[in-house]
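Undergrad: Quick paste of what Swiss-Prot says about this protein:
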ACT_SITE  ASP113  active site
BINDING   ASP35, GLU60, ASN87, ASP113  S-adenosyl-L-methionine binding site
BINDING   LYS117, ASP149  substrate binding site
Amino acid sequence: MRQHVNPLSRNFNEIERIPALIEMFGDSKSNLHLDIGCAAGEFLFDLALINTNWNYIGIEIRERLVKTAKLKVRERDIKNLYFIFGNANNILHDVQSKFIFKNVKSISFNFPDPWFKKRHYKRRVIQPEFLNLLSNSLQKGSLIFIKTDVKDLFDYMDCIISNNFNFKKIDKNDFNFSESFNPSQVKTNREKYVIVNQLDIFERIYIKI
């Protein structure tokens, strides 16, 4: 069972130091993908080992998971993967993080915390203010991927992104995954669980225009 953490807690107001890209990666000029709410990062470990031409950053709000993931990166000496602890909204709004967007080509939101109760919707990761930040920071052609097994959450995220005129939807059937951050279409642990249990998956791709 995934433990939900309130992203609006004051505990996340203080941002950890974000090192320069050259400190994070072996090749700091490679295309960069952000995975927001990466949990233990197994999805990113698989991607980083398969697709070494890309760099990956995972942002996760549960500190214990980030500490474990960082230790694994060091133990395995992986040069194209980095993890950051904290609230993604706060981190990416922080002035010290602005340089990250220079190389970002895509961002994924895979099975984020649904926060089912209406009074908790403000805790959901995708909010209009966050989309405005991405709209103002991402380069044209950058991609956003959303995926969830909760229809209400999908509709909520889709509505917010679609209402931002700087993003438009892409037909997944026309999308060339071979040139993306996930050429082998690696699946997260949650997606594997959903498939095994024959549950619905709702997903969409958007491009910055």
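The backbone N, Cα and C atoms fix where each Cβ goes, and this holds for glycine too.
As the structure is a computational prediction, the values presented were derived from the model and not from experiment.
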Undergrad: Could you measure between ASP113 (active site) and GLU60 (S-adenosyl-L-methionine binding site) for me? Cα positions, answer in whole angstrom.
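TA: For ASP113 (active site) versus GLU60 (S-adenosyl-L-methionine binding site), the Cα atoms are 11 Å apart.
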Undergrad: How many neighbouring Cβ atoms, not counting its own, are there within 10 Å of the Cβ of ASP35 (S-adenosyl-L-methionine binding site)?
TA: 26
Undergrad: Considering the binding-site residues GLU60, ASP149, which residue's Cβ sits among the greatest number of other Cβ atoms within 10 Å?
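TA: By the 10 Å Cβ neighbour count, GLU60 comes out on top.
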Undergrad: Taking ASN87, ASP113, LYS117 as the recorded positions to compare, which has the smallest set of other Cβ atoms within 10 Å?
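TA: Fewest other Cβ atoms within 10 Å, among the recorded positions ASN87, ASP113, LYS117, is found for LYS117.
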Undergrad: Using DSSP and collapsing to three states, where does GLU60 (S-adenosyl-L-methionine binding site) fall: helix, strand or coil?
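TA: Strand, per DSSP.
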Undergrad: Between ASP35 (S-adenosyl-L-methionine binding site) and ASP149 (substrate binding site), how far is it from one CA atom to the other, in Å?
TA: 17
